[in-house]
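Feature annotations, courtesy of TrEMBL:
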- Thr169: active site, nucleophile (ACT_SITE)
- Arg197, Val198, Gly199, Asp200, Thr220, Gly221, His222, Gly223: substrate binding site (BINDING)
Amino acid sequence: LGRMKPVIVVHGGAGRIFKEREEGCRAGVVRAALRGYRVLKQGGSAVDAVEEAVRSMEDDPHFNAGRGSVLNEKGEVEMDAIIMDGKNLDSGAVSAVKCIANPIKLARLVMEKTKHMLLTDHGAHLFAQAMGIPEIPGEKLITERSRERWKKNLEPDSNPEEFQKDLGTVGAVAIDSEGNVACATSTGGLSNKLIGRVGDTACIGSGGYADNHSGATSTTGHGESIMKVVLARLILYHMEQGMSPEVAADTALDYMKTRVGGLGGVIVVNKAGEWAARFSTKQMSWATVKDDNLHYGIYAGEKHTKSVDEALASEREVF
């Protein structure tokens with residue numbers, strides 16, 4: 001076996017990344033991509049790799065997922081996540097979950113241990129307990145920055161929309177040496193959202209989609225807009241019509257912008273192992289590893305390249 005060269009692509013959210021957070025976001029997506037790639041190189045599945053990459057970003061307070069998630073109107077963290085296996089179209093998702101560190105792990109358990117695809121809120125909480133997932137106090141997920149932003153958004157003259165631009169949903173797509181693809185996406189949602197609001201992330205075909213027949217994609221951006229056009233599935237549809245990952249991504253993002261005025265970003269890998277990271281927002285942190293080369297960037301047109309060995313050596317210095 002081992003016909004395909006494994007590829008992983010990750011994103012840390014599309015939007016506006018404030019200057020003082022750039023380095024942390026770059027380092028975070030690079031670390032996630034390297035971790036996911038290590039899983040693939042050791043013969044792990046695409047599903048294992050995307051889960052590992054997303055878990056790494058959930059644990060990183062620079063991103064709006066897991067620890068560092070934004071707060072809802074009541075000042076609580078409510079998170080959504082999805083994972084999908086392109087081999088048989090199995091998927092698992094959770095929405096509006098609280099008090100767990102890694103929603104992506106819970107989504108995977110929904111996929112593998114239940115006959116269902118999506119568990120929400122209290123039911124997801126009961127399932128997490130049954131699966132022995134440790135509960136952590138909600139405060140543990142809240143960073144100073146999320147609390148500050150929440151307070152600002154509560155002021156009568158505030159415009160939460162202004163802050164929504166700095167989103168930070170995280171995601172990963174991969175193809176393993178067997179040619180199986182997978183996607184994973186995780187988020188804390190929109191700042192100061194209504195209690196119980198669920199965006200695109202937990203919705204199959206919107207927050208992500210994976211099918212060995214075409215490829216895999218994970219999305220980020222304005223959730224309600226992404227849901228209206230079913231963005232992830234739309235990109236795969238375009239690839240099924242013969243478009244390259246890059247053209248498919250740009251075509252779908254352009255449609256979302258013209259049709260519903262929504263901005264976002266996507267990462268894509270097709271069944272041949274070709275990849276893309278595209279966005280209509282100002283920025284999106286992304287990283288990919290293919291052929292033992294790491295590529296990463298944040299701004300449009302920005303693309304740094306390093307060998308994996310070089311990247312791992314500098315990882316060890318920094319962490």
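Note: Cβ is positioned from N, Cα and C throughout, glycine not excepted.
Worth saying up front: this structure is predicted, and the values here are computed from it rather than measured.
Around the Cβ of Gly199 (substrate binding site), 23 further Cβ atoms fall within 10 Å across all displayed protein chains. For the pair formed by Val198 (substrate binding site) and Thr169 (active site, nucleophile), distance between Cα atoms is given as 13 Å, rounded to the nearest Å. When the binding-site residues Arg197, His222 are compared by the number of other C-beta atoms lying within 10 angstroms of their own C-beta, Arg197 comes out lowest.
Sequence-distant neighbours of Asp200 (substrate binding site): residues of the same chain at least 6 apart with a C-beta under 8 Å from its C-beta are Ser206, Gly207, Thr219, Gly223, Glu224, Ile226, Met227, Leu231. If you count neighbouring Cβ atoms within 10 Å for each of the binding-site residues Val198, Thr220, Gly221, the highest count belongs to Thr220. Every protein chain considered, the tally of other Cβ atoms within 10 Å of the Cβ of Gly223 (substrate binding site) stands at 29. Listed in sequence order, His11, Gly13, Ala14, Phe63, Asn64, Ala65, Thr185, Ser186, Thr187, Thr201, Gly207, Thr219, Thr220, Gly221 are the same-chain residues at least 6 apart in sequence whose CB falls under 8 Å from the CB of Thr169 (active site, nucleophile).
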